[in-house]
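Lifted from Swiss-Prot, the feature list:
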SIGNAL    1-22  signal peptide
DOMAIN    31-307  domain 'CN hydrolase'
CARBOHYD  Asn39  N-linked glycosylation site
CARBOHYD  Asn147  N-linked glycosylation site
CARBOHYD  Asn270  N-linked glycosylation site
CARBOHYD  Asn319  N-linked glycosylation site
CARBOHYD  Asn357  N-linked glycosylation site
LIPID     Gly469  GPI-anchor amidated glycine
Amino acid sequence: MASLHFPQWAVSFVFFAQAVGSMDTFIAAVYEHAVILPNKTESPVSTEEALLLINKNIDILESAIKLAARQGAHIIVTPEDGIYGWIFTRETIYPYLEDIPDPEVNWIPCRDPRRFGYTPVQERLSCLAKENSIYIMANIGDKKPCNATDPHCPPDGRYQYNTNVVFDSKGRLTARYHKYNLFEPEIQFDFPKDSELVTFDTPFGKFGIFTCFDIFSYDPAVVVVKDTQVDSVLLPTAWYNTLPLLSAVPFHSVWARAMGVNVLAANTHNTSMHMTGSGIYSPEAVRVYHYDMETESGQLLLSELRSRPRQHATPAEVNWSAYARTVKPFSSGQADFPGKIYFDEFSFTKLTGSAGNYTVCQKDLCCHLTYKMSESRMDEVYVLGAFDGLHTVEGQYYLQICTLLKCQTTNSRTCGEPVGSAFTKFEEFSLSGTFRTKYVFPQIVLSGSQLALERYYEVSRDGRLRSRGGAPLPILVMALYGRVFERDPPRLGQGPGKLQ
């Protein structure tokens, strides 16, 4: 039997926040859900059998939703694939799908469940929102029939979409979003012809929505923030952590800071697939996060956020190459060597002392590092790495990355492999690069995959990620992760289908 694990400190915090809050602030909740998965099959199950599995998952989500509502939460986000999992073909997912109408129809499924056919999942979610007076965001599947008059209609005569839905506190369907940037294994779904910029207004700010892999792309992730001026983003995800550079919590939290919005990120929980890492992030700080590779339990997180963070002072825009372009490359007297991180070939140079200045370059990108360790350990090796190129595995997107990281062993061939702990502590550091993009996401991950607290580091206006002093930090990885959107390849094909 699945169980819920709710941190006592999070619940206690919310009691305080509820007492002092107003609609200038709101209580956000996210739930990291250990999804009950279907048995793998090559033949579709019946609609009744599919609904049985869906309801088992919603039973767990219901407990989290009710507890969040009792603690004063105004909105809760649940994960991508959170009600049926991800082990599907195009045919086997079909019994799990419902026809989800455009929210403009002004529909409360809890009151009128048969208005758009058989929609038990939408009815149950609507009733949960209505009965608990809370906004609920859930990820479900949408189906839309098509025919030969549509040149993009799939051979089976239907579109199938990975879909986010939001029900407001009265149970009304208030938002629907079809995922645009499908992850390569999502063969069960189509992507819409055009990206959808989906927003909705609440008494506690304006919200935007996208899903998991969308966050890597300009459209819709950056566009919905820039063009619609949302205050907060809802991010359901089924994110498997690919250390050292693509762990959910560091990437989602720094995206919130870089884009100047709140991010409510709910991940699925499956340790066998390295899926964990949910959080509530503001532009100023990480409010609360959860990362757990030890248990198989779900986790509810709650935090108070400003409803309209854009109305508050924001840091000046960073010129990410300003400092680095004034620096003459440091000479270490040793040759660079290649190494791979998530299939991308980096150029690495080894740090050989307890303090120093290093430069490593690849194509147009030169990365500069100045550092001082508390002591140099013989059993731990660190490298400075640079990557400037097109990532081509499980998606295609152009990256410029500068990173300081610990190698898995003292053998340089393990540099770039996942590492869990570090004992070397850095007292001072400054990392910069000659980036050709303004979309650079700085992150620092410490031993045990913990985030470095904001008080220990800063980003200067001239593009340096540098220490502020205080306690020495046991760094696993420090990175400036740049996305060069204008160098991404074009999407192949204009209609629904599998991304190439």
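The backbone N, Cα and C atoms fix where each Cβ goes, glycine too.
Reduced to three states, the DSSP call for Asn357 (N-linked glycosylation site) is strand. Per-residue pLDDT, averaged along the domain 'CN hydrolase' (31-307), amounts to 97 for this model. Of Asn270, Asn357, Gly469, all annotated as recorded positions, the residue with the shortest Cα distance to Asn147 (N-linked glycosylation site) is Asn270. Taking CA atoms as the reference points, the residue listed as 'GPI-anchor amidated glycine' and Asn270 (N-linked glycosylation site) are 37 Å apart.
Contacts of Asn319 (N-linked glycosylation site) defined by a Cβ separation under 8 A and a same-chain sequence distance of 6+ are given as Arg461, Asp462, Gly463, in order along the sequence.
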